[in-house]
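What follows is a set of notes on a single structure, which appears directly below.
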Amino acid sequence: MKNQSSVIYQLDGKPKLTEAIPLGLQHILAMFVGNVTPLIIISNILNLSLADKTSLIQCAMFVSGIVTLIQCYKVGPFGARLPIVMGTSFGFVPVLTAIGAKYGYETILGACLVGGLIELMFGQSMKKLRRFFPSVVTGTVVLAMGISLLPTGINYFAGGVGASDFGSISNLILGTVVLLTVLIFNQYTKGITSLASILIGLIVGYIVAIPMGKIDFSQLSQMSMISVPMPFTFGFEFHLDAIFAVACVFIVSAVETVGDITSIAHSGIGRDATDKEIAGGVMADGIGSVIGAMFSVLPNTSFGQNVGIIAMTKVINRNVVATGAVFLILAAVFPKFGAIISLMPSSVLGGASVMMFAMIAVSGIKLITSEPLNNRNSTIVALSLGVGVGLSFVPGVLSNMPESIQLIFGDSGLVLVAIIAVVLNIVLPKEEKSVELEVKLEGQIS
């Protein structure tokens, strides 16, 4: 039986390095793939060079480590002072892919910079605005995120759009090997091997791909051994339609962060999250995304899989997570490490991505069903998904609209899903039990 008086089960305890290092690495193993995969997907779609990809992966690890430390220890108003692991969010991929295809990577960074500042302001007003984003709203958006990401996962599974061997038997076999490895380790093992099943699947796929001739290591000789991540590798461009689209996703991401903070407080400490913790955590999301944009990487947000580790192990110690963050920062100074990751074949990434993206959709379903799925909530989910996701399946529907409208509402559908869900939640009459529950929740928050 676990000794609950042990320092690793205390928020401010000081564990020995022999405890902190393996427990901290466990958190990093659980989030590592999710942290770099969105960046690899975007950089591949935009055909960035190996040198640029390697630099961006370095910066992603560095920023993730820094922002995790901010969450753990709080810097000024930023941070919840809870063991929250931060990393690049998949939720932004559909919108950022559309922006990148239209304007380029610099516009992605400009939109993320402004979006991070908007989330900062949102965090300061989180207590007042939280009631507009119940589980049925956030769950619907998260479900739409998962659905909109699935075609990307399948494209990678087949070898990547535009690849000369797209859909080849070798690519499909490689993707299947990864998918089956993830499934086996996730379902038939326990502890760290189950939590790191996606990472294990990618490693197995990577190794299998080498004798298949799908990885060219000759480019590694051009990489230096040590290189410090540098800011402003790319510049910034600003377009209002891109900023609006990204800002909507930032707001949804902020609400997800509130859920993660609440879950950590409940499962790890056995109490409700305080207003200061929620505001500080969301503001850390914002400042982390601003820092990320400065280092030319995608927005940072809290990682739900690490919340799951805390819920399972009850290890709430902030110094444990901070130890893992230090390892991320150290890994960021070795370019060859980032280059090895960037050489990963598309079908290997696809085998893991199909599972990851589908699990995002399942997370959305769990959020939606955490409240009674009555007639009102069913209508919110149905209409939001029907219109928002439906339009994204038929891009030509908005072809006669201005390009800005096509970018905001047509390419991924996420923004339209979010807007419809929020508006319907405000205007549709609440059922009696829902009103009673909302009053009770507001009483707890205040």
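Quick reminder: no glycine exception, Cβ is built from N, Cα and C everywhere.
TrEMBL: automatically predicted annotations, no manual curation.
What TrEMBL records for 21-43, 55-73, 107-125, 132-154, 166-185, 192-212, 232-255, 320-341, 347-368, 380-398, 404-428 is transmembrane segment.
Residues 42, 92, 96, 99-100, 234-239, 242-243, 245-247, 249-251, 253-254, 279-283, 285-290, 292-294, 296, 298-299 of the same chain sit 6 or more residues outside the transmembrane segment (107-125) yet have a Cβ under 8 Å from a Cβ within it. Residues 52, 55-56, 59, 89, 91-92, 95-96, 98-99, 102-116, 118-119, 122-123, 126, 130, 133, 137-138, 141-142, 282, 285-286, 289, 293-296, 299, 301, 403-405, 407-408, 414-415, 418-419 of the same chain lie 6 or more positions beyond the ends of the transmembrane segment (232-255) yet place their CB under 8 Å from a CB of it. Touching of the transmembrane segment (347-368) and the transmembrane segment (55-73) is ruled out by the presence of fewer than three CB pairs under 8 A, sequence neighbours closer than 6 excluded. Sequence-distant contacts of the transmembrane segment (55-73) (same chain, six or more residues past either end, CB-CB distance under 8 Å): 31, 35-36, 39-40, 43, 48, 79-88, 227, 229-230, 233, 281, 284, 287-288, 291-292, 295-298, 300, 302, 318-319, 321-322, 324-329, 331-335, 338, 341-342. Within the same chain, the transmembrane segment (380-398) stays apart from the transmembrane segment (166-185): fewer than three Cβ pairs sit under 8 Å, each pair at least 6 residues apart. Long-range neighbours of the transmembrane segment (404-428) within the same chain, counting only residues 6 or more positions beyond its ends whose Cβ lies under 8 Å from a Cβ of the stretch, are 91, 94-95, 97-99, 101-102, 132-134, 136-137, 140-141, 144-145, 148, 240-242, 244-245, 248-249, 251-252, 376, 379-381, 383-385, 387-392, 395, 397-398.
Two recorded stretches are said to be in contact when at least 3 C-beta pairs lie under 8 angstroms, sequence spacing 6 or more; the transmembrane segment (192-212) and the transmembrane segment (21-43) meet this definition.
Same-chain residues lying 6 or more positions outside the transmembrane segment (21-43) and placing a CB less than 8 Å from one of its CB atoms are 8, 15, 52-53, 56-57, 60-61, 64, 85, 87-90, 92-93, 96-97, 100, 105, 108, 152, 156, 192, 195-196, 198-199, 202, 297-298, 303, 305-306, 308-309, 313, 315, 317, 320-328, 341-342, 344, 349, 352-353, 356. Same-chain residues lying 6 or more positions outside the transmembrane segment (166-185) and placing a CB less than 8 Å from one of its CB atoms are 156-160, 193-194, 196-198, 200-202, 204-205, 208-209, 212, 214, 345-348, 350-352, 354-355. Listed as Cβ neighbours of the transmembrane segment (132-154) (distance under 8 Å, sequence separation of 6 or more from its ends, same chain) are residues 41, 90-91, 93-94, 97, 251-252, 255-256, 259, 350, 353-354, 356-371, 377, 380-381, 384-385, 388-389, 392, 412-414, 417-418, 421-422, 425-426, 438.
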